[in-house]
Every structure is written in C-alpha cells, then in structure tokens.
Amino acid sequence: MPLSMPQTAPDTLTLTRPDDWHLHLRDGEALKAVVGDTARHFGRAIIMPNLKPPVTTTEQAQAYHDRILAALAATEGDKARFTPLMTLYLTDNTTADEIGRAKASGIVHAVKLYPAGATTNSDAGVTDLLGRCAAALAEMERVGMPLLVHGEVTDPAIDVFDREAVFIERVMQPLRKAFPALKVVFEHITTKDAADYVMQAEGPVAATLTPQHLLYNRNAIFQGGLQPHWYCLPILKRETHRQALLAAATSGSQRFFLGTDSAPHARGLKEQSCGCAGCYTALHAMALYATAFDMVGKLHNLEAFASHNGPDFYGLPRNSDTITLVRESYEVPEQLPYGNTELVPLAAGQTLPWSVRD
Ligand code: DOR
Ligand code: ZN
C-alpha cells in the first residue's frame, strides 16, 4: 500500500529522544541481531518477557538485562547508550513476594499479562486473572507497578477479530473494578472499542499503539495474496478501527504512547504453512510513526506520543537528548541479517517519506 506524501508540514522535526514501551528483543543470536536497531533511535524500551522459558522471576529478569547490555556492547561498542526496562511474565503462581523483589530491583518496571494461549510463547500465561493472581495484583497496585495487558480473550468461540472488544467486557472491566488504583497499560490496541475505553476510563489507564495498526488495515494481510509480514497479534482490523486508533494516538491525550511491538521472527518461520505472528519495525519505527502522524497533519503531537506520555505514565524522567526526523525518502531494506538466517522488516522494499537523521 503506498504511503501518501503529506502537503503542509515542516520538513524537519527535532524531538526529545523517544522510548519504545513495548518491544521483543528475543535472546542469543537473535538478540545480538536486533538490539542495535532499537538502541539507535530509542533511549529506553520495555522488554517483553515471552522468552522460552518465560522471564517469571526478578533473578531471570536481571540475567536477561545483563545479556541485553552485553549484546549491545558487542554490536555498538562505545556508542551503546540504551536502557532496557525489564518486565516479569505473570503466571498463575506469581507471588506478592516476587512483586516486592521486582520493585526493589530497580530494573523491573512492569508485569506482563498474557492470557494463556493468546500469542507467541504464552503457554505459561494466566488461566484465571482474578481467581489466581489477586495477591500479585494487590501488591502491584500497592507499590505502583504497572500491569501490561495483552488484551485478547482466548475463547475459541469468539471470532479472532472480536477478541479485543470482548476482552474489555470479560477481563478489563472486572480487573479495574477489583483494583481501581492499579496502573494498567492496554498494550498494542487495535480497535475503536479499546481506544474509546482508554480515553474514557477513570483511573490510571493508558494504551500503546504500534506503527502497523496506525498505518494499515486488514486488507494489507491479503493484498494480492497472503502477506505474512503483515500478520501480527492482535491482528490488523478494518479501516474504521485504524482511523479511530490514529485519531487517539495523534489526539494529544496523555493516555496514548508509543509501543512498537517489534517482534522479529526469521523469514522462514513467517513464510511457511503456519506462520508466526509479529512485525519487525525496530529499524524504522520512527519513520513509520512520523508518516502516520503526518498523514493526518498531526506531527506537532508526535513528541508527546513518542517521548513524553510514556515516561510520565511510568513515573520515569523524560530523556534529555533529542533526535531529528527529516522529510527525506527512506527505503526499507528487503531483508536484514538475523543470526544465520534473515529477517524481513515491515513494508520491506517500500519507500517511506520520513527518515531519522543519524
Ligand atoms: O504479533 C505478535 N508477536 N504479538 C504478540 O503478542 C507476540 C509477538 C511475538 O512475540 O512474536
Ligand atoms: Zn508484543
């Protein structure tokens, strides 16, 4: 899908260095291949814990944190300037003590809820949130540790395209009623229902938005044939939802902030009979977001979305340096090295109207 050139907006935009509030970095060779892409433009990122096995303890989070910094130093050398913000993977067995250790560590900044079976490596996820996790949630509410939510029900009777909307009713509302002061981030929202819910909810609720859900609707998955590199979870929705998400992201509301959900999978694991979910955007996220904001004449609200609202919600300082975006064509590479295989970024081979001045 061609991304249209905007008309009346500045050609250069300098903003406080952004952070990515939802990122998959993987581990081992994959980690080494991708970490530099995020560190190039972002100051910090919230690191998802859905490794195999998942990161369920503070001790595991500390070890993963150290592997990330080692991988970064190995690829970027002296240029390494990036802080990974670690998360724990919530399970039916997460204790209040573990939440206490996480808070005390200073490196764990949130806990992630994957409903069991919802997405990649979510088998160890939660089966009954209020029934099994009440002690952990109460402690998180008490110490101000945000819960990051993959907001889809897993009930096979619910249509894949309706799973986020149904989640609001079945899980989000009861959760927020039981723990009204718990900070909750509704991750990678994909529907008008979720955008409206977050906009109107009382209490400390926010949402992250990915570049793909701002730029594309579900037609992109079927454009001229099956397009596996546009397949992620929650799946792209219809155009009315895309428009509502873009309106929310660019509205200036403090409740919406940047979270790429950049999720690398080797080319062969996406281009096969049962392909993995995830879009790789760490490389060109800021160009994609600038393109989306520019399409609706809202570049002036990009800095709040990318660089202010996230740290403000998490209670962290904003970054003190800047990056500069320029209206210069950026050709998205056809593929990138990924260990001994390769990775296809979102919109591979296409030209974006914005780039980051390195
Ligand atoms: O598309 C996705 N990919 N959605 C997720 O929730 C997980 C992610 C991954 O880890 O690959
Ligand atoms: Zn994710």
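Note: Cβ is positioned from N, Cα and C throughout, glycine not excepted.
Keep in mind that TrEMBL annotations are predicted by a computer and have not been checked by a curator.
Residues or ranges marked as Zn(2+) 1 binding site by TrEMBL: His22, His24, Lys112, Asp261. Here TrEMBL flags His24, Leu25, Arg26, Asn50, His150, Leu233, His265, Ala277 as substrate binding site. Feature annotation from TrEMBL assigns N6-carboxylysine to Lys112. Residues or ranges marked as Zn(2+) 2 binding site by TrEMBL: Lys112, His150, His188. For Asp261, the entry in TrEMBL reads active site.
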What same-chain residues, at least 6 away in sequence, bring their CB to under 8 Å of the CB of Asp261 (Zn(2+) 1 binding site)?
His22, Leu23, His24, Glu187, His188, Thr208, Thr210, Cys232, Gly278, Cys279, Thr281
Within 8 Å of the Cβ centre of Lys112, His150, His188, which other residues of the chain have their Cβ, at the recorded Zn(2+) 2 site?
His22, Met48, Leu113, Tyr114, Thr119, Leu148, Val149, Gly151, Glu187, Asp261
If you check the binding-site residues Asn50, Asp261, Ala277 one by one, which have a CB less than 6 Å away from any atom of ligand 2?
Asp261
Give me the CA-CA distance between Ala277 (substrate binding site) and Lys112 (Zn(2+) 1 binding site), in Å, as a whole number.
18
Report the largest Cα to Cα distance, in Å and rounded to a whole number, among the residues His24, Leu25, Arg26, Asn50, His150, Leu233, His265, Ala277 that the record lists as binding substrate.
19
Arg26 (substrate binding site) to Lys112 (Zn(2+) 1 binding site), Cα to Cα, whole Å, comes out at 15
Of Asn50, His150, Leu233, i.e. the binding-site residues, those within 10 Å of Lys112 (Zn(2+) 1 binding site) when Cα atoms are compared:
Asn50, His150
